[in-house]
Amino acid sequence: MSIRNENNSWEKIMGDNASCNSIERDNITICLDIPYKDSKILLIAVYSIVFAIGLPANCLTSLLTLAQIRRNNAIAIYIFSLSLCDLMYLSTLPIWIIYVQQDHQWTMGEQVCRLTGFIFFCNIYISILLLCCISMDRYVALVYALESRGRRGRKKAIIIVCFLVAVVAVIHSPIFKMTSLHNKNCFETLPLDKTLASFSFARFLFGFVIPFTILIFTNYKIFQRTKTSDSVTCHQKAKVKYLAIAIIVIFLMCFAPYHVVLLIRAIYFMFHQDCSCSFEKSIYSVFTGFLCLSTANGIADPIIYVLTSENVRKDFYRSLRRWKSNSSRLNSSINHKTDSSKLKRQKESQEGVLREENRETSSSSHVQETICSHNSQDPEGGS
């Protein structure tokens, strides 16, 4: 009787799990039939395009912003940090491409999974905070031009960037203690658990809503200020306008859809904790598409540099000339060292030849002296 009851309860559990598209393994619920292959081509294509375009674009941006940093440009610090952050994330894209190619089966070890996941999450929120820093810096420079003069320097910008990076890194440091491989997937926990759902709410509030509010407020004030200002030229007004629009568009396009889906998943889980796999299965392809948009910020961020720089072409040619002069200086120093070493070798060889000649001359003179002395002794021997 007890065995029959146990079998009935087990069949009931299996039936419930089957209706929820999930199984229980080691007290962990795992969703079944997630359509990984539906988004395989999209993910590989987007990751490859972003890597191919974003890597040279961000390398060039970081190179050009270095020249502006030397001129004590605070915004250049933020853009340079944004480029470095993007480059760090772009370096992990080949790993994600391999992961997607292997049908979301992670084979590179748990520590590598944790590190790449840590870089992914940090890249999103450092990028968001740096976009806020750029908008706030422009807001302070335009609205409080006199009060902020001398206070918006390179050192303060560096301190702000270091502080933000440290805060984001500390918040995401528990990743290195989490079980990152869930059913051989890397940070694809389906369904969510209570901890991840709570973390999704926090990410939506602090990583999206508050930064978006800051961006809207600062850029609205910038629009107002530039519209009523007589000291700002039409060209400068257009530049400020396009920069503000670009920042908001990049933020909404890259980060809004991803965070909205995070919120929807967390809300659904809170109301359907026992059976959320069917919903996860239906929304997975949408979530993957929005994840691709968040990856696109790697090629969108260099646009901000183009809009903040007064003359991109001049900066590019100036950096190119500096690189050419440095390389020519390096080549001339190498040639100088080569020539001096050649001269030294020639001098040493000439000195060696002279020493040989002197040695030969001295030996021949010694032979002649010996012969002469011998000839002078022969007559005496004959008498």
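Using N, Cα and C of the backbone, Cβ positions are placed for all residues, glycine too.
TrEMBL has this to say about the protein:
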- 41-63: transmembrane segment (TRANSMEM)
- 57-305: domain 'G-protein coupled receptors family 1 profile' (DOMAIN)
- 75-98: transmembrane segment (TRANSMEM)
- 118-136: transmembrane segment (TRANSMEM)
- 157-176: transmembrane segment (TRANSMEM)
- 196-222: transmembrane segment (TRANSMEM)
- 242-271: transmembrane segment (TRANSMEM)
- 283-308: transmembrane segment (TRANSMEM)
- 330-383: region 'Disordered' (REGION)
- 336-360: compositional bias 'Basic and acidic residues' (COMPBIAS)
Under a criterion of three or more Cβ pairs within a distance under 8 Å and sequence separation of at least 6, are the transmembrane segment (242-271) and the transmembrane segment (157-176) in contact?
no
Averaged pLDDT score, the domain 'G-protein coupled receptors family 1 profile' (57-305):
87
Answer yes if the transmembrane segment (41-63) and the transmembrane segment (196-222) have at least three CB pairs under 8 Å among residue pairs 6 or more apart in sequence, and no otherwise.
no
Which sequence-distant residues neighbour the transmembrane segment (196-222)? Criterion: at least 6 residues beyond either end, Cβ under 8 Å.
124-125, 128-129, 131-132, 135-136, 138-139, 142-143, 189, 240, 244, 247-248, 251, 255-256, 259, 262-263, 265-266, 269-270
